[in-house]
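First the structure, in the form of structure tokens, and then the observations on it.
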Amino acid sequence: MQNGCHTRQVLCFSLYFCIGIVMCESLHYSVPEEKKTGSLVANVLKDLKVDVKELSARRAQLVSEGTKPYFQLDPHSGNVILQDRIDREALCGQKDPCFLLSELVLESPVQVHRMEVEIEDVNDNPPQFSEKEFLFEIPEQTSMNTRFPLESAKDADRGENAVRNYTLSPNDHFRLDVQSHTDGSKYAELILEKQLDCEANARLFLILTAVDGGTPKRTGTANIIIDVLDNNDNAPQFHQSLYKVKLMENSQPNTLVTKVEATDRDLGPNAEITYSFNQVSDTVLGAFKVNKYSGDISVAGVIDYEEEHNYAINIKAMDGGGLSAYCKVIVEVEDRNDNAPEVTLTSLTSPLPEDSPSDTVVALFRVTDRDSGDNGRTACTTETNLPFVLKSSGNNYYQLVTQQPLDRERSSEYNITIRATDQGSPRLSSARTINVQISDVNDNAPVFEKSPYVMLLRENNIPGLLIGVVHADDLDTERNAKVVYSLLPGKVSDQPVSTYISINSETGNLYAIRSLDYEQIKDFLVTVRAVDRGSPPLSSEVKVRVVIVDENDNAPFILYPLQNGTSPSNDLVPRGAEAGYLVTKVVAVDRDSGQNSWLSYELLKATEPGLFSVGAQNGEVKTMRLITQRDTFRQKLIIGVRDNGHPLQSASATLSILLVDGFSDPYMKMVDIPKDEVVKEEDRSLTMYLVICLAAISFIFLVSIIVFIAIKIHKRRKFMESSALNFPVGPNFQENGGDAGAGSLSRAYNYEVCLAGGSLSSEFKFLRPLFPVFSVEPAQNQGNSRISSASQGVPDHQIESHVTNQVRIINSI
């Protein structure tokens, strides 16, 4: 680490279970330079107070701050081994003491020990002069005790191994005076003790020896040649033999440092003085220059306090006659705040789990400043709106620790800028930005988009039809955000919910397993669970209500009158009913719902149009006018019932209405008519033609019957007149109805209209006599009576049969 700022090596490793970093006291060791590679430097077990097992378990590492690691830690023994030869002079230059800095890092918990290894100087470098020979031209008239500065020898070693003394070879004219600078370095001067005589000895040869203080001692020599000059009586004289000045670092080139001045009492050319450097180092030559005529010393190169704190400059003043004088200029460099702090990252935990507790160490770093004093004192800050805080750990180390709970869902990473500022004037600062990734922890349960869900499904659906989709979002990432859907066990109409609906575990699609009927189930409720794949898994639930939408798939159903496939029911209407008379009411229902079940009624067909009407909303059948004798005895109505759905569904009911004179007993005592007597309704036009034909036939038949009856009556009267005295007196019956006839009939017949007694059949069935038929022959003439009755019975039976058939034909019309 000589003459410059060395790049720090950044060690980045993840501290996954760290809860803090402890900055421990420094470890101090020493090792001589030039020691053999593989040599033992120290054993850290005792200083760390750990054993070999713990040292290995805690993953001890040795991190060098330099670009080249000179030491290696054996974790199995605790030995610090030298792994490269160390040259102190190449490493530290003139700095004393010389340290190699390393950091011993232990994990679980993290501890950082600063290890300082002092490189002990070995006397491996002899003193050296910049030149082998130095020439002095000294006038023979030079005064006694005149001093002549000599160049100092350079020894790369430091301390006791540096130059500690100078010696001069024996001679008659000069002695050597060895003195010390303020920094302890030695320098020598020649002192004239005996007058020189150019004529006696024009050139003197001396040997200057520099001796260091090491063991064994090392030396370096230089030859001093002194030419004795003649005839210059006065040498130049400096106003000061020593100049001390202060110079600010980074001074611009040509900045005046100081001015040296010498005078000469001679005249003419012997009094003309020129100035020059005398036996100075290359460092001085690179940093300063001297004006040979004015003695001005100015800046020639870069003045850096961090490179050199002070300079010693020897100045020579020589007149035209060759006489010279010497002085020394000491330049002390003052530090300027020209170096910004440096932030060196030592360790970084990234990614950082979002559930890390407070005071978890995120990063460890060190701040250095090459300046000195207040210019080198630093302070470290970071943004205040972050969940992190800086803590000083001593020795310019800082920890970045968590101070608030982390939430990856709010911020998945942080770019943290660490700013270091020194205390100089003006203040300098530098910044280092580190990126901390926040790793996800499964701390968020899936959240459904809706709660609850309502989904519509039309009835009569195809099995496997998509009903809808449920979706849940999870704010976590990767596996923690992977959501799996499932149905919770439940019952729908006493059956497992899994027999009605299924769900895709990946997409949340809900499917109908079976075809559903609105008339059987209107809606049902299922519970869907969403579970993520984190550890531990988190879940949430949502209710899904599936509403079955009605389709118009049911036609209206006639409740009354019952349509049982047999003859329609007969409703009786008195012929004296007024307009608006309620005949009956058609009652129908529809299993659908909504407007699919809104029913309306209409009269599709009627025997007598305009006689009856049907309420469109209530199905009531009423008379529209008074009933006349011209209206047919039997009325047939076809009433249509339709719903309001799409497509339209309808049904029809057939009503049979009988127009009667009143509700007397004969009408109420009704029996069933055989099915073969039911006459089907024909088309209106066809019915009209049939009625006309039947009326004509009936008229002819009726005329024939009347003629036939008239003949029979006539014959019967003749018979009765001839046998009136033989007739027994029969019982006296009250007439109920019908016509009592005379003539050939043995007895008058009364007939009543018989109607079925049930509500479902009210058709005219047959005619029956109201009283029995008695024989008109005397008892004693029973044999003859039987013959007579037999002879008369055939015509009577034929008459009854003809009448019955005629009534049936009329009734059917």
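Numbering starts at 1 and runs along the chain as displayed.
Placed from the backbone N, Cα and C atoms, the Cβ positions cover glycine too.
Just so you know, TrEMBL annotations never went through curation; they're auto-generated.
The feature domain 'Cadherin' is assigned by TrEMBL to 23-129, 130-238, 239-343, 344-448, 449-558, 573-668. Sequence annotations record features per position, and here TrEMBL assigns signal peptide to 1-24. Annotation comment: TrEMBL describes 686-711 as transmembrane segment.
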DSSP-assigned states of the domain 'Cadherin' (130-238) in counts, ordered helix, strand, coil: 3 helix, 54 strand, 52 coil
Two-stretch contact, the domain 'Cadherin' (449-558) and the domain 'Cadherin' (573-668), at least three Cβ pairs under 8 Å: yes
Residues in the domain 'Cadherin' (344-448) grouped by DSSP into helix, strand and remaining coil: 4 helix, 55 strand, 46 coil
Predicted model, mean pLDDT over the domain 'Cadherin' (130-238): 87
Residue distribution over DSSP helix, strand and coil in the domain 'Cadherin' (573-668): 8 helix, 43 strand, 45 coil
